[in-house]
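The feature topological domain 'Cytoplasmic' is assigned by Swiss-Prot to A:1-9, with sequence analysis given as support. The feature transmembrane segment is assigned by Swiss-Prot to A:10-29, with sequence analysis given as support. According to Swiss-Prot, the feature topological domain 'Lumenal' maps to A:30-169. The annotation active site, charge relay system is assigned in Swiss-Prot to A:44, A:83, A:110 on the grounds of similarity to another entry. Look at Swiss-Prot and you will find A:122 tagged as N-linked glycosylation site. Among the features that Swiss-Prot reports, region 'C-terminal short (CTS) helix' is placed at A:154-165, with the record citing similarity to another entry.
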């Protein structure tokens, strides 16, 4: 057991963690969006987006156009929703914008998903970001890990095993 | 010196950066192809737009028993060819017709409402000659009136890529009309 070696290892671990945290926060600042990269969790936008697709968001736009795909969060519901803007009403004097959204694969619009008594979303309050970029399927790993307990333990086991192996050389 | 672990890390990081390079190339070349095909000035024809307007008292339409909202159903003809939007990086094209208009009681508002949309999955089905079709969505405003002001109808498109950026555009053929006042007896109160 070499104390210096262990400390160096600890330091490099800290370096990896802090640099990924800084990357995420930097991206978050740059896009003005609290989660600039999201994974699609539902099939309501098929065939455009499937479960597991990765989306890159941008939130520095003042207003959205009809046809934009936005990610929004409804107060009191934890899961963000990715749907397309169907209607928009923008007030140039106050800068406020009301949006109505709909999933491409759904029959009706999103009013039943909104907070009780709301018939529109508020751009500044509810919208997390507008989808700008797309990579298919790569995010399925995160869904798999979060929904399958064997995958979770398997991954932990693999990590433990690799740390054992690497400490031998 | 070179453990299995190191080799694995090296290979996987190389594979990752190569695949990202390929993705970037695909996205960039498909964008260039779109510019070359001049898709940002695609033509379309919207014609014979007509409407039937009723009064709605439901809260969903922003209406009430005392002050019902005008809700219009549209029928229209459309003629367009979106096959040039398809290349090696096009997964689907989302075509949609919107109505754009300024506010009346509140002149600061700008509004845009989808009345019809269509998911086009392949180049083979990208040419449309629609005559006398029903709009998918009804038209109503935050204000109680939608008729008797100029509405600009326009056909837009949105390319969903296999990799990279979502691209939006609109076609050149737009049509501005005013919807007719409802010939109605039961305008509340």
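Yeah, the Cβs are placed from backbone N, Cα and C, and that goes for glycine too.
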Same chain, outside the transmembrane segment (A:10-29) by at least 6, Cβ under 8 Å from its Cβ: which residues?
35-37
Test of understanding: give the count of other CB atoms lying within 10 angstroms of the CB of residue A:83 (active site, charge relay system).
25
The topological domain 'Cytoplasmic' (A:1-9), counted residue by residue under DSSP: helix, strand, coil:
7 helix, 0 strand, 2 coil
Taking the Cβ of each of the recorded positions and counting other Cβ atoms inside 10 Å, which one has the highest number: A:44, A:122?
A:44
Could you find out if DSSP has residue A:110 (active site, charge relay system) as helix, strand or coil?
coil
What three-state secondary structure does DSSP assign to residue A:83 (active site, charge relay system)?
strand
Measuring Cα to Cα, how far is residue A:83 (active site, charge relay system) from residue A:110 (active site, charge relay system) in Å?
9
Can you check how the pLDDT averages out over the region 'C-terminal short (CTS) helix' (A:154-165)?
80
Return only the integer: C-alpha distance in Å from residue A:110 (active site, charge relay system) to residue A:44 (active site, charge relay system).
11
In three-state terms from DSSP, label residue A:44 (active site, charge relay system) for me.
coil
